[in-house]
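Undergrad: Handing you a structure now.
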Amino acid sequence: MAMAAMDARKKKSGGGGGEPLLGKYELGRMLGRGTFAKVYLARAVAGGEAVAVKVIDKAEVMGTAGMAPRVLREVAAMRRLRHPHVLRLHEVLATRARIYLVMELATGGDLLSRLAALPRRRLPESAARRVFVQLVDALSYCHARGVAHRDVKPQNVLLDGDGNLKVSDFGLAALPDTLRDDGRLHTACGTPAYAAPEVLRRRAYDGAKADAWSCGVILFVLLAGHLPFDDSNIADMCRKAHRREYELPRWVSQPARRLVSRLLDPNPDTRVAVESLAAHHPWFKRSLSVDSQLDGLLNGEPERAVAFQAAPPPPLNAFDIISMSPGLDLSGLFGEHDKSLREKRFTTTASPEKTLEQLGLAGGKLGYVVVVGKKGVECLPLAGGRLSSGIAAMSVEMSEVAPPLLLVELRLEVAAGDVDGGDGEVKGFGWEQLRMELGDVVRAWHSCEDLCEI
């Protein structure tokens, strides 16, 4: 229907009337407009893909202080970002009079409009969680690539036809070359209701931590249906933010309350970073179904498997990676002897199958083997050599954060005497080599020392 309407209602939008824009895109109806730009529904001449085209008037931009750098920032930021929850910039076109940003089409509108259409202007906590974890995933990706959004608000969060989130409008984004010598940003920008207190007070600030505050405001809005602080008076709003004078409705769960509190921390030094939420906060965790995710791996029992006499494996969201060498006495290690547990965590967007496969390949060099059978986890001894430490097992637990993001937890069990006293690392186990072997499968490592409850 949209494409038929486009054909019937081609408009003159700066793209040459009824002629395809630079021979590449047929412009249709207007989707929205701002001070200096209009956004049109369009269709690619080659292939027929539906896209959105943002048409920017050069004369108006050049005649307004600060607008030309903003357009350049938006293009520079979007060109370096390729993520399922970040609106994609396909290409940039230009004529003498106009600039055209050809972007991914988000047919679901913006988050603010979606909330406004609801009777109570809020989401159930489960639905709010789904939206919010996608937002956190997108911003974590941006921050890892040196991009701080600086204008995170529901109007700039779009939705596709399936309700998946797309962060948009990077016109105020800060790139690494925006930082001063002190490594901070100094330009106050954004929307006051969603801006961090340090930004409103025009102090030097960390762009990623400012985005974290904005995420806290959005989470509050998703759960409560209104802003945490009245924005009719900015000075009063800033005072209330510093005093944490907000109140969540009684139906909001305690884990969600704690998360809002950590995000709406007026002190940016103690405010939680969005990058740490997926790995560390319990509100984000959701168990994977191993039967559905790893069905292709369960192809029968290994022919050389030896029964592993230990506590039964955890429920269907866990695997054991068994590490052993000839002569290693497993019974002593899994008896009543003192043990130390060392953990590492990382996040990945690879599939569970791919992650487990890569762990298995790494095991060939580090002296362990991954075994998943119909009866559960079993031992498969490796031939040759002796490990330099009394490693008994390393379990791997995968939890779904938000598709396709997984949290992978590695727990290494060793005899107490095989742990160095200095840094708590396990003697002889090559964590650094494991990091190298996993390579691009790992999105980010999260140290165990940071695993305090958020």
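Every residue, even glycine, has its Cβ placed from backbone N, Cα and C.
Note that the coordinates shown come from a computational prediction; the quantities given were computed from them, not determined experimentally.
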Undergrad: If I go by Swiss-Prot, which of Lys54, Lys58 binds ATP at the same site as Leu31, Gly32, Arg33, Gly34, Thr35, Phe36, Ala37, Lys38, Val39?
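TA: According to Swiss-Prot, the candidate sharing the ATP site with Leu31, Gly32, Arg33, Gly34, Thr35, Phe36, Ala37, Lys38, Val39 is Lys54.
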Undergrad: May I ask you to indicate which of 79-108, 109-138, 169-198, 259-288 is given in Swiss-Prot as region 'Activation loop'?
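TA: The listed stretch tagged region 'Activation loop' in Swiss-Prot is 169-198.
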Undergrad: How many neighbouring Cβ atoms, not counting its own, are there within 10 Å of the Cβ of Ala37 (ATP binding site)?
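TA: Cβ-Cβ neighbours of Ala37 (ATP binding site) within 10 Å number 19.
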Undergrad: Do you know offhand how many angstrom separate Val39 (ATP binding site) and Asp151 (active site, proton acceptor) by C-alpha?
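TA: Counting only the Cα atoms, the answer is 19 Å.
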Undergrad: Cα distance, Asp151 (active site, proton acceptor) to Ala37 (ATP binding site), nearest Å?
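TA: Distance between the two Cα atoms comes out at 18 Å.
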Undergrad: Inside 8 A of the center formed by the CB atoms of Leu31, Gly32, Arg33, Gly34, Thr35, Phe36, Ala37, Lys38, Val39, Lys54, which other residues of the chain have their CB, for the recorded ATP site?
TA: Val55
Undergrad: Taking only the Cα atoms, work out how far Leu31 (ATP binding site) lies from Asp151 (active site, proton acceptor), in Å, as a whole number.
TA: 21
